[in-house]
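Engineer: Pulled these features from TrEMBL for this protein:
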type	residues	note
BINDING	Tyr15, Tyr20, Gly59, Ser60, Tyr65, Asp81, Asn86, Asp138, Val139	S-adenosyl-L-methionine binding site
Amino acid sequence: AALREGYEHFDPRAYLRNNYLPPRADFSSEEFVVPWKLRCLAETFASGEIRGRTLIDVGSGPTIYQLLSACDHFEEIVATDYLAVNREELGRWARGEPGAFDWSPFIQHVCKIEGRGEPWQDKERRLRQRLRRILPIDVHRPEPLGAPLRPPADALLSAFCLEAVSPDRAAFVRALAHVGNLLRPGGHALLLGALGESFYLAGPARLPVVPLEESDVREALAAAGFALRELRSYAMPPALRTGVDDVDGVFFAHAQK
C-alpha cells in the first residue's frame, strides 16, 4: 500500500531527466552507465539465440531504450507498466507525437555498436511497428496481466522494475516468479537492475528500492525457476552519483526458464 501511494506521485519526465539525459546518458565513452546497459543487451541479442514471436517488457516505465536491440528478433513487443502516466508517455513516443522524449541519441548509439550500418531511423520505425501493445501490469499478482498471455512469451525483459516495486527480498522473488508465468518453458529472461540501492527520486516521489547484491539476484532467479546463463555488474562511478538515488551499481542477468 505504501509503495502504491508513493507511485501516485511518480513524474515520468523527472525520472527521464534524472537517468536518461547527461551525465548518465553520455555516449562519449563505454565507461558511462547507459552505454554499458545498451552493450549488454546488444551483445546478448547478437547471439541470435533469443528470438521468436513475442517479447514482453515487464515494467517498461517511460523508456524504450531497453527494446532497441530486441526489436530485430521478435514479431511483436508488448510493453507494460503499472502506471497510466508511464503508459501514456510510451504511447506518445510510439505514435511519434510532438513533445515525446527524444530517444534518437540512444537509437544512434545502438546502431553504431551493432555495426550493421543501417540508418537509425530504420530501427526507430521498426520498433514502433513492432511495439503493438502497451498494457497495465501488476507484478504482485500471480497473473500479472490479469489473465495468461496466450501464447506465452518467447522472451521476457525487465529493467529496473522488480526491485523498485517490492517491499522486501521475498516480494522480489515472488514478483520474479509471477512474471515468469508469462514466459514459455525454455524462454529467455533478461534483467537489468540496481545493486545496493535503497531509494530513487522521480519528481516529488521518493521511492524505496530493495537493496540487492549479486548473490540476491542469483538466489532469486533460482528460487523463481530460472537457470542463470550470465551475470554482469557495473560499479557506478562517483561522477554519476548525482543524488537522484543512492545506487552502487547495475546488474545484467540472462536466465532461462
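Numbers here mean position along the shown chain, with the first residue as 1.
Each residue, glycine too, has its Cβ placed from N, Cα and C.
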Engineer: Taking the Cβ of Tyr15 (S-adenosyl-L-methionine binding site) as the centre, how many other Cβ atoms fall within a 10 Å radius?
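Structural biologist: Within a 10 Å radius of the Cβ of Tyr15 (S-adenosyl-L-methionine binding site) lie 23 other Cβ atoms.
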Engineer: For Asn86 (S-adenosyl-L-methionine binding site), write down the residues of its own chain that are at least 6 apart in sequence and whose Cβ falls under 8 Å from its Cβ; none is a fine answer.
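Structural biologist: Result: Phe10, Pro12, Ser60, Gly61, Pro62.
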